[in-house]
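Reading through the C-alpha cells given below for one structure.
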Amino acid sequence: MAAVTSSCSTAISASSKTLAKPVAASFAPTNLSFSKLSPQSIRARRSITVGSALGATKVSAPPATHPVSLDFETSVFKKERVNLAGHEEYIVRGGRDLFHLLPDAFKGIKQIGVIGWGSQGPAQAQNLRDSLVEAKSDIVVKVGLRKGSSSFNEAREAGFSEEKGTLGDIWETISGSDLVLLLISDSAQADNYEKIFSHLKPNSILGLSHGFLLGHLQSIGLDFPKNFSVIAVCPKGMGPSVRRLYVQGKEINGAGINSSFGVHQDVDGRATNVALGWSVALGSPFTFATTLEQEYKSDIFGERGILLGAVHGIVESLFRRYTENGMSEDLAYKNTVESITGVISKTISTQGMLAVYNALSEDGKKEFEKAYSASFYPCMEILYECYEDVASGSEIRSVVLAGRRFYEKEGLPAFPMGKIDQTRMWKVGERVRSTRPAGDLGPLYPFTAGVFVAMMMAQIEVLRKKGHSYSEIINESVIESVDSLNPFMHARGVSFMVDNCSTTARLGSRKWAPRFDYILTQQALVAVDSGAPINQDLISNFVSDPVHGAIQVCAELRPTLDISVPAAADFVRPELRQCSN
C-alpha cells in the first residue's frame, strides 16, 4: 500500500518552488542524465488489449501474461523457496533474532533519512530506530520534515530531535543520508522529483515504499538518474498497522506486516542486501520479491479494489438493500460491516476463503452461491477497468492532478478530501459498536459473504491474468485486507480504515467505491431479484481454484498474532485519535 499522506505534500510544497510546475523531459541545470524511453516503449506501456472470456457472456477476462522471474541473491539473509499454486517463489523470513544481521545488510550506511511523516513515515522511522538500537548499530535514523510544521512537533514527541541529530530539514536530511526513504505523498514526489534527485549523494540509495514515482516517470518517458541505486520495500498494510504489530510482537520474536521488495537499479551491488535489511528492520514476517512496476500496478489497483474502495462499495450497497427489504438498521450493519470485518475476515485470515463457504449450512451455501454468481462478473468489470487505468498511467495522472487541487490555483478554491462516514449507515455503526460485546466478531451472513468473496476472487483473477506473482496477488487481495485493513473498519468504521492510509489510497477509495456500489446495485442485485440462475461453473471454479492452496501456504507465514486496535489508539493519524465510535 502507498506510503504517504497529504500532510507531507504541504511540507514539500512549502520547501520547493517547483510544485505544480509542468515537467520538462530534460534537466540541464542539474545535469541528472535521465534515461529517456523510446516512443515505441512508451506506446507499448500504454497499450490495452483484451483476451479470453473465461466463459462469461458480458465481460472478457484480462489477457494472460506470464509472471516475470523474481529470483534474487543475498549474502546476508537466508533465502527460502516456496511453492504457491505450482509456482516457485523465494522469500526471506523476518524476526528479531535476525536484527544482529542488520549492520552487515546496511554496510556502508551511516545515516538513514526518513522523509515524510504521514501514514508510513512515523512507523518506519520508529521501527528502524528501535531495530537498529536492538542490533547495537550506530547507524543514525534521521527524520526530514519542514521546520515549524505540525509533523515536526509530532516527530519530536516520537523521540526524534535536532539536538540528537535525528530530526532536521527535508533537504539537509536528503543530502546527508546514505539511504533516503522517500515517504512523502505520491503527488508531491511527482511534482518535486527533480529537486529531490539533485540533493541525493552520488552512490547513495533511494528507497521507496511504493512504485508510484516510477509509474509517473514512465508516463512522461523518463527513468531514474543512473548515479544512485533505487530500491523499494512496500509493507502490505497502512503505517499504523506496521507500527502496531511491531510493538505487539516485541516479546515473541517479532510480528509485523509482510512486505514486498524490489531493486530497480543497483550501482554498487549493495541494493538487495540493503532492501532486505530495511524490510527485516521494519518487522516484516516475510518479504517477497517484486518489481517496482508490478508493485505500483498491483498496489494502486488493490487499494481501489477489495482493500478499500470495493469493500466500502459492498457494504454501502448491501446495507441499503437489507434495510429496504425490512431489516432493522442495527441488524443490517451487523450483517454487512460487522460480518465482513469480523468473522469473515478472521476465517479467511486463518483458514482461507473456502472455509467461509464450508462453514455455512446447506441453505446458507445456496445464498452464498446466489450472491457470488450474480456478483463475480460485475465486480470483475470494474476491477478490470481499474487495473487498466492504473497500467495505462491514467490513474497516476488522476492522483497527481488531485494533489494539486488541494491548493488554491487559477482563481479556483482548494478542494481537500471530504468526510466519508457522515451518512446514516455510519451513525448506526457508532451505535452498534457502542453496545458490541468485547471480542464479538459478528454474524456469518451468507449473502454478504458471497458478494465479498466474489469481489476478492475477481481481483485475484485480474491480477493472475495480468502476470503478477501469487505472493503479490495474495498479499494485495487477501492478507492486507483481512489482517491489516478490515480490523480498522471493525474498530471504528470506514473512515478509520481509509483515512489512516496514504493520500493515493484515500483518493482512490473515494473515487472507486461509488463505482462498485453502483454496479452491484444495478447489475448483481437486480440479477438476484429477477431470479437469474446460479452459474454452477463459477461455483465449481471457486471451490477448486488453486489459489486456496497458495493462501494456506501464505497463512503459515502470517504475523504471529492478530492486530489489536484499541479504542484509545495512539498509533494512528493524529486527527483520527479522538474520533467517536
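Glycine is no exception: its Cβ is also placed from the backbone N, Cα and C atoms.
The secondary structure of His210 (active site), as reduced to three states from DSSP, is coil rather than helix or strand. Feature annotation from Swiss-Prot assigns active site to His210.
For Ser150 (NADP(+) binding site), the count of additional Cβ atoms within 10 Å of its Cβ stands at 15 [all protein chains shown]. Per Swiss-Prot, NADP(+) binding site is recorded for 113-120, 146-151, 185-189, and the stated evidence type is similarity to another entry.
Positions annotated as Mg(2+) 1 binding site by Swiss-Prot, on the basis of sequence analysis: Asp299, Glu303. According to DSSP, Glu303 (Mg(2+) 1 binding site) is assigned to a helical segment. Around Glu303 (Mg(2+) 1 binding site), a 10 Å sphere centred on its CB holds 28 further CB atoms from the protein chains shown.
Under the heading Mg(2+) 2 binding site, Swiss-Prot lists Asp299, Glu476, Glu480.
Among the features that Swiss-Prot reports, substrate binding site is placed at Ser502, with the record citing sequence analysis.
Taken from Swiss-Prot, the feature domain 'KARI N-terminal Rossmann' covers 92-290. Model confidence over the domain 'KARI N-terminal Rossmann' (92-290) is summarised by a mean pLDDT of 95.
The domain 'KARI C-terminal knotted 1' annotation in Swiss-Prot covers 291-439.
Feature annotation from Swiss-Prot assigns domain 'KARI C-terminal knotted 2' to 440-576; the stated evidence is sequence analysis.
According to Swiss-Prot, the feature transit peptide maps to 1-50, an assignment based on sequence analysis.
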Residue from His210, Glu303, Glu480 whose C-alpha is spatially nearest that of Lys147 (NADP(+) binding site), among the recorded positions:
His210
Can you tell which of the binding-site residues Asp299, Glu303, Glu480, Ser502 lies nearest to Gly116 (NADP(+) binding site) in space, using Cα positions?
Ser502
Nearest by CA distance to Glu480 (Mg(2+) 2 binding site): which of the binding-site residues is it, out of Asp186, Asp299, Ser502?
Asp299
When you rank Gly113, Ser150, Gln189, Glu476 by Cα distance to Asp299 (Mg(2+) 1 binding site), which of the binding-site residues ends up on top as the closest?
Glu476
